[in-house]
Amino acid sequence: MEFIPAQTYYNRRYQPRPWTQRPTIQVIRPKPRRRRPAGQLAQLISAVSRLALRTVPQKPRRTRKIKKQKQVKQEQQSTRNQKKKAPKQKQTQKKKRPGRRERMCMKIENDCIFEVKHEGKVTGYACLVGDKVMKPAHVKGTIDNADLAKLAFKRSSKYDLECAQIPVHMKSDASKFTHEKPEGYYNWHHGAVQYSGGRFTIPTGAGKPGDSGRPIFDNKGRVVAIVLGGANEGTRTALSVVTWNKDIVTKITPEGSVEWSLALPVMCLLANTTFPCSQPPCAPCCYEKKPEETLRMLEDNVMQPGYYQLLDSALACSQHRQRRNARENFNVYKVTRPYLAHCPDCGEGHSCHSPIALERIRSEATDGTLKIQVSLQIGIKTADSHDWTKLRYMDSHTPVDADRSGLFVRTSAPCTITGTMGHFILARCPKGETLTVGFVDSRRISHTCMHPFHHEPPLIGREKFHSRPQHGKELPCSTYVHTTAATTEEIEVHMPPDTPDYTLMTQQAGNVKITVDGQTVRYKCKCDGSNEGLITTDKVINNCKVDQCHTAVTNHKKWQYNSPLTPRNSEQGDRKGKIHIPFPLVNTTCRVPKARNPTVTYGKNRVTLLLYPDHPTLLSYRAMGRIPDYHEEWITSKKEISITVPAEGLEVTWGNNDPYKYWPQLSTNGTAHGHPHEIILYYYELYPTTTIAVLAAASIVVASLVGLSLGMCICARRRCITPYELTPGATIPFLLGILCCVKTAKAASYYEAATYLWNEQQPLFWLQLLIPLSAAIVVCNCLKLLPCCCKTLTFLAVMSIGARTVSAYEHATVIPNTVGVPYKTLVSRPGYSPMVLEMELQSVTLEPTLFLDYITCEYKTITPSPYVKCCGTAECKAKNLPDYNCKVFTGVYPFMWGGAYCFCDAENTQLSEAHVEKSESCKTEFASAYRAHTASVSAKLRVFYQGNNITVSAYANGDHAVTVKDAKFVIGPLSSAWSPFDNKIVVYKGEVYNMDYPPFGAGRPGQFGDIQSRTPDSKDVYANTQLILQRPAAGAIHVPYSQAPSGFKYWLKEKGASLQHTAPFGCQIATNPVRAVNCAVGNIPVSIDIPDAAFTRVTDAPSVTDMSCEVASCTHSSDFGGAAVIKYTASKKGKCAVHSLTNAVTIREPNVDVEGTAQLQIAFSTALASAEFKVQICSTQVHCSATCHPPKDHIVNYPSPHTTLGVQDISTTAMSWVQKITGGVGLVVAIAALILIIVLCVSFSRH
């Protein structure tokens, strides 16, 4: 809140006044102000009187001709004056009168802005806004006002702003500010500013460095923004500003913005005297005049911030302004030269000193382009002039030109050269294990150099294609941009060493003659004492032999690359220079192909994909539940794959296409409202395990009951026929024989049996007569009681729970954390009509709190030119460099192309150095290691409230309240404190990986984190690459070493799939900032505070009566596949809320209009085969019963909008069949039990 000025109104004086120290209020005299209107009136009266008495001048045409003739005479008199006056006329034409907007801004600025000066130069401005003085933080200097310069400013790096409280006596000069910014045109010092699409733009050229801090005003003179800088976008320039949005400060920074503070002069040093780097002293002031002294001056200032300004100034000797072109980019190469260096394989299997030695091969670009550094120079001729068609190479001691057309690069096949400049070549090459560069010189001789190098073009995307398609998808990648302009990348150069050349010496009798050939030669002879020196003319050394002398050519007028294949200049030591190099690595987009869409066949809980890859294409899929079960496979030919679709959904990614998402539906071949075998098939396909278990248990129970019934019948039969079997000559009655299946010799008639029982056993006669009647009574009672049991079973199966209601305006509910599925809640309040609230999650974002431990990337090994100490011993010095190694090797005898480098045989030593730095690619190709802490959850919620759909965003923490019209919603916290991110994560190019990386300062060679830095631009670097210097080979000058491979590049190959593809619950992972979006896990509680005015009293709402519900059609587990028609009678016209009191049924309409006697149709969605639900309209409820059929589609591409209760539904038809089967089995058991009871009673009565 420090950067939001308080709004105070003060009357402004219209006449501007100079900025001086303000006197106290008592000193200001108001008398001149009271007299000012009278003076103005007198001036107005006199001006009107002069205008009235003024006469029209006569013959105006003649006077104009006279003026014209005078001009012609003046032109004819002096042609020199005419030439001098012409530029003055142009200057007067450029000087335009300020427009209305500029005049108004200048008038306001005279009071409210102050210059910020540094060493007498204006670097920017400070502005008085409200009760604060504001100044851009990047503007260096002090405010040009004694009172304001003393203030203590508070700094905000986030907004690039500094502010302080305005002194009391200056508050009247401050401008008001506003957060109201309708699109249109605003005013600033240089004219109009257009505000559109949340951006401020001006015509290109209207603003410049030094304008930082200027305010932008509206037409009322209020400040709407403060300018910080701008970004050139062609004809328009987008402004970087600080502005206000209600109670928040906002910084708008277009891409590519540059700060508009006036650059301060950078100072350089020469002989303990400082001077501006852009204006070097006259001695030396130009490389062309004094090359050696100029290079020395540059080496002295190589670490100064203005080194490149000094280099440009020293090379641009001409004082007049030159037109910039591509040649200026090559101007720096006139201070350098090509060189000869050692090559391990010059094309015939042997080493040599090659003019096209390979220094470095860079392959960081993900588009497969190689950047090759060689010892020759391309695009520069020997005369230091620019020529695209030429290259220059070192032949002996002098550079020689050759045609660029003879340059070639190859791996396993010829490469395509896409760019060349200086020491660098850009080429696109096929895969191979070696790389060869070469050229044909002017004598038609081919020079080549081959290095072992494993090259395989990297994979972009998920398809291994060979050529860029015409149409496809743009993916982020990196490439070497084809520009020869100065970049941030640089190489080190130094003075070349003395090059030995024994051909300069000839033996003449007993003397040695040294022929210099116009060169500077250093010689040393061991004959008749020490004889050494530096000569530019031929010299004869008497009484000496060639074997006793050593000659070397010295050239200190040019730099050469600091190569490990050439020795360091022994006199210069560590002195060096720097030059920019072309073709920087930048982030861009690459077009990749999109695989043909697969042929998709839907099955029951399965999806079958028929794939047609044009080239190897990656197929991956994951479940969107708790266990993602991620799989991936490279498809190289036509293939059919069948994948199971879980209930939570399936995400399939084919090639570079966007992911396909599938959800299963409760489809089946049977029906829940058919015959038993169809019902069994229906439930078996939906719930196979449960169906088998239920059928097995039911079969066991039925079999047990039937067996029990048979046992009771057998027991009763035995009891009945035993007395007749034991009685000789007894005759079994006819009816008993039929019931007990007993064979009789003579069957008695029913009349005879009845007569016998009447005479002998009258109780048995009555019992036998009541058996059919008892059976009928038992069956009727069983059928009567079965529905009661079935209602209990149905309740347990369906578990339909009514919606929660409250008796107050404070309402709480819980919605599932599923995006795109609407949820409704009913708010009932006594005395008021019920209110329906519909809520739908648009998105849910889980954002962890991150702490950056470090970034890691590919390293480069810096091996400076070795220092060879001839006839002596070199010593290592400690240096604070990452992974620094230094070793001194004795007994070396290095050779250069002209002979032995040293005069001694065995007393020479070589000092080899090496250390590690971040590669140039680290600015674009790096991975960030973060520690993740507590995550914050925010939700975007669509609320249907009072007939309006309103979308709000809030933190789901249970504390943050958002207002929807006049109601307050508090969301969260989530029921599950779950996050897809581990405690340690790695972010690389928009992808996130869970990884237990090593801490800062504990990296291991060849693994992730072998080189670490706080940020991509920071200088603090930790490295552990197992760098070990090795002894150089005999005769060669080089710096061999052993080192572990880059852990970053190894991690890129082995990192696997990112969280975007493997996160559970269907999370979508995004970066900038790192977050997980739409994770379908847990529930979100919502607390709603609804004011009394939002409710409608029962007396004001229509009364609905005579309601009836009829379901026209119903398809369960489908997107609102049910349609119900409700007939009603309303007391008056009005609007009623519609709500389902059953959680298993969701109604699409939140409210309906009712009037008179009519009917309305509602759409509902349910997962039940037999839906029994209540619909409430206003305060009246109606019961609906639906017989739903399964959907025809097995798979859909959207989640179900209904609530899944997690239990199996039993249809009414299935329940009726269960009742029938249960009743039949129960009847059989009851009859068998009754028979057994009667038989037992009769047999016990006999005894």
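Don't overthink the numbers, they just go from 1 along the chain as shown.
Positions of Cβ are set from backbone N, Cα and C atoms, glycine also.
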Record feature N-linked glycosylation site (Swiss-Prot), assigned residue among ASN669, ASN1078: ASN1078
Annotated stretch (region 'Transient transmembrane before p62-6K protein processing', per Swiss-Prot) among the listed ranges 720-740, 951-971, 1161-1181: 720-740
Recorded disulfide partner - CYS1184, candidates CYS922, CYS1067, CYS1079, CYS1109, source Swiss-Prot: CYS1109
Cysteine from CYS788, CYS789, CYS790, CYS922 that Swiss-Prot links to CYS857 by a disulfide bond: CYS922
Candidate in CYS544, CYS549 joined to CYS527 through a disulfide, as Swiss-Prot lists it: CYS544
CYS449 (disulfide bond): nearby recorded positions from CYS346, CYS352, ASN587, CYS871, CYS1136, CYS1188, Cα cut-off 10 Å: CYS346, CYS352
Entry from the disulfide-bonded residues list CYS876, CYS904, CYS1188 having the most other CB atoms no farther than 10 A: CYS1188
Residues that sit under 8 angstroms from CYS1136 (disulfide bond) by C-beta distance, when 6+ apart in the chain: SER833, ALA1101, PRO1102, VAL1104, ALA1130, ASN1151, VAL1152, ASP1153, VAL1154, ILE1177, CYS1178
Entry from the recorded positions list SER212, ASN587, ASN949, ASN1078 having the most other CB atoms no farther than 10 A: SER212
Assigned conformation of HIS138 (active site, charge relay system) - DSSP reduced to three states: coil
Residues satisfying Cβ distance under 8 Å from CYS871 (disulfide bond), sequence separation of at least 6: CYS902, PHE903, CYS904, GLU907, ASN908
Pairwise CA distance, ASN1078 (N-linked glycosylation site) versus CYS1067 (disulfide bond), rounded so that it is a whole Å: 6
Among CYS112, CYS282, CYS343, CYS449, the one of these disulfide-bonded residues whose Cβ has the fewest neighbouring Cβ atoms within 10 Å: CYS282
Alpha-carbon distance [CYS346 (disulfide bond); CYS1114 (disulfide bond)] in Å: 82
Sparsest-packed of the listed disulfide-bonded residues (CYS127, CYS870, CYS902, CYS1178) - C-beta count within 10 angstroms: CYS870
Sparsest-packed of the listed recorded positions (CYS527, CYS720, CYS1079, CYS1114, CYS1241) - C-beta count within 10 angstroms: CYS1241
